[in-house]
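Here is the structure we will look at.
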Amino acid sequence: MGRDARRLPLLPFLLLLLAAAAGVAESATDAEAIHDLARSVPALGWDGDNVCGFEGVTCERGGAGKVTELNLADRGLSGTLPDSLSSLTSLTALQLQGNALTGAVPSLARMGSLARLALDGNAFTSLPPDFLHGLTSLQYLTMENLPLPPWPVPDAIANCSSLDTFSASNASISGPFPAVLATLVSLRNLRLSYNNLTGGLPPELSSLIAMESLQLNNQRSDDKLSGPIDVIASMKSLKLLWIQSNKFTGPIPDLNGTQLEAFNVRDNMLTGVVPPSLTGLMSLKNVSLSNNNFQGPKPAFAAIPGQDEDSGNGFCLNTPGPCSPLTTTLLQVAEGFGYPYELAKTWKGNDPCSPAWVGIVCTSSDVSMINLSRKNLSGRISPALANLTRLARLDLSNNNLTGVIPDVLTTLPSLTVLNVANNRLTGEVPKFKPSVNVLAQGNLFGQSSGSSGGGGGSDGDSSSSDSAGGGKSKPNTGMIIGIIVAVIILFACIALLVHHRKKKNVEKFRPVSTKTSPAESEMMKIQVVGANGISNGSSAFPTELYSHVSAANSSNISELFESHGMQLSVEVLLKATNNFSEDCILGRGGFGVVFKGNLNGKLVAVKRCDSGTMGTKGQEEFLAEIDVLRKVRHRHLVALLGYCTHGNERLLVYEYMSGGTLREHLCDLQQSGFIPLTWTQRMTIALDVARGIEYLHGLAQETFIHRDLKPSNILLDQDLRAKVSDFGLVKLAKDTDKSLMTRIAGTFGYLAPEYATTGKVTTKVDVYAYGVILMEMITGRKVLDDSLPDDETHLVTIFRRNILDKEKFRKFVDPTLELSAEGWTSLLEVADLARHCTAREPYQRPDMCHCVNRLSSLVDQWKPTNIDEDDYEGETSEMGLHQQLEKWRCDDFTISDSDTFGSFNVPRKYNG
């Protein structure tokens, strides 16, 4: 024992020696790489053993010998780069620009600390297959004027989430515009000029709100870059835009709020009216609009040094000023179609009649006919057509028009023919005068008949619905009158019946009693929510039928609730919860108590809403909640199975979650008896919650906002998979008759700043709360903890303060977590996401779909148990086209606050 005790003090010394030996070995590896480079590039003139003393080589402080910077810029060096260069794993800057280096660029995948990479102006012949892999700290990448073979921007660039500048002009980049760049939300400077890019700008580029300089000009491919340039409207920090010499189409978007100084779009195919949001930019110093197909008034810019907009456009006048009323009207019509290029080629000048614009026929200098059939038009029909008082014939058939036929077109005094056949118009056909022949078949109108108005037209689809004379109208009129009378009588009978029932049921519902009169059983029924909505609930569920179902023990709970037309009386709920016994209480919330119930051998959760808090709006709020919840079906949202109303009573039946709440697993371990969650389990739960909220925000038929997202509203099943609950007081994002315009809902600590101060509700309110939950999952702390010192009570504040120091932050992490090196790396990524989600300004927070994509890569990497390959097949198999497109729209997303926070690995502003 004594001998062993004497040996113990030697252990730390031995470990120290081993660490020192490892450091020496790594330093030796760096030295070997530098010597290899000296041999490959003799002109460097490096000689000796002290590589840290070589010109252009910088080593870390302390004499460990690790090379941190290699600056060989503009030295006219020739030679090749050795493969051993990849062993410089501590390198933060590799600057090789302005030389004549040849051969292949070696793999750089091990340089996880590399922040600056400059390859410009060399003669490299190829890039490594793993180019940009592993460069998670990269901030500046410049590789202009390289004679490489054609290559696409690799998807691995998405890992460079801190990338500030990507400059690769004249670098042989080919293929469609790389949509992966939309994930680089820290990107401020993007220069891809003089390459071979094709296709349009992905809509996802609108997420690049930090962009200051965008240069895509002079693509050399035959097709060039094309399509609209709408994405630049969201780039509010943009100062320089060069997209000249491409094939972009459509109008200039609204540029209000931007900071543009240089705007060069010459030599494209842009159309439309130059917007006042561009001409009124006080920051603008240089503008070039030449050789497009701009229309309307000539723009009047303030005095700026560089201005070029005259040549090659179709402005109505040679000097700034308004166009003629007729020209203005037709340009408004073109605006509805998105200013199509085929029209813009001839719709120029200030006189549509001389020479006549394509599709325009004039009589006495006024438009009498418009024929734009088969012009591949999309967009909407403009109400401005009503200003053409001499218009007799309007043919917009066989296009792709959407929206409705404007009612105002019925006021056209000279109109005789309206042909909108074979489009995608919706709504109803307005009621035109009998003299108007309307051709509207082949659309998506609510009625099977595609026409209205017109008398005696030869086309079988253009007949008047009310102008036919003779005996046919009288039987139809009699039939209609009979139906109306019958409906009135029916409603009168229903009203009397309801009044009679209300008088019989004046006594308040007593949930503690299992004895219910037949009349009460009829009124106090649970209505069943199936996959297609709420059942009509016209009659109570017979007790004998319920008993029959109870006997069928093989049926599961979903079959019990989703059988067609199935309804359960309130007796079932009373029995299931033992008269709402205290022993069955699962939890209490601001709007009521949740009980555990047993239906047909299956557990459910019955929420009994507090009648005192529902107030006079209780019925409206309750029905709105049902209307919302019946439309929401998702794997990670707690499903509503049914509901019951009587007087002030509100009862909701949900699926039962046996794993408790996330709060119990994070902050109430002693009371709940749960063991701490592992990091893998926490990541999986975080992804589940994100997917549920993502569905509410953008994949459901309507956009829903939770407004009270917190750990106690996140329920877990037996496998610790999460579902979001208690979104019954959700406020529909778009106002409807059943939107809940109530007080601010939510829990202090999880409220976004703008919501707490102004009550303004957007989806970013939920994103903020989600970020707070991520912080709780990382730290194991409550969002507000009065037991801590005053400067540490608010989790968000202390979290954002500690995240700036990686070592300090490590002590801030939940001590119950056992993290490997890989686990620590993933935790830092989640912490970074939490920081962005809780940004003060809503526009700085990511959308939930981007949170899903960022977490998905981490969860897939860890491959936690109980995640099947087809885990989400159930929610997508019935997903409509709208939801699928919205789902596919979302790419990986990170965001950078422009104020204070940098990345974990390298400074935000690199000084090199």
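Note: Cβ is positioned from N, Cα and C throughout, glycine not excepted.
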Swiss-Prot annotation, N-linked glycosylation site - which of N376, N579: N376
Position flagged as N-linked glycosylation site [Swiss-Prot], chosen from N170, N553: N170
Checking N159, N556 against Swiss-Prot, the one recorded as N-linked glycosylation site is N159
Here are the binding-site residues: L586, V594. Which has the lowest count of other Cβ atoms within 10 Å? L586
Are there residues at least 6 beyond the ends of the repeat 'LRR 7' (364-388) whose Cβ is under 8 Å from a Cβ of it, and what are they? 325-326, 329-330, 332-333, 335-338, 340, 342-343, 352-354, 394-406, 408-409, 411-412, 414, 419-420, 425
Using Cβ atoms and a strict cutoff of less than 8 Å, what residues sit near the repeat 'LRR 6' (281-303) while being 6 or more residues removed from its termini? 239, 244, 255, 258-274, 309-323, 327-328, 331, 334, 339, 341, 344-345, 347-348
Residue counts (helix, strand, coil, in that order) that DSSP gives for the repeat 'LRR 7' (364-388): 5 helix, 8 strand, 12 coil
Minimum Cα separation from N159 (N-linked glycosylation site), reported as the residue among recorded positions N371, N400, L586 that achieves it: N400
Round to the nearest Å and give the CA-to-CA distance linking N387 (N-linked glycosylation site) with N256 (N-linked glycosylation site). 29
Among the glycosylation sites N170, N196, N286, which ones place their C-alpha within 10 angstroms of the C-alpha of N376 (N-linked glycosylation site)? none
For N256 (N-linked glycosylation site), what is the secondary structure state per DSSP, taken as helix, strand or coil? coil
What is the interatomic distance between the Cα atoms of G592 (ATP binding site) and N256 (N-linked glycosylation site), given in whole Å? 47
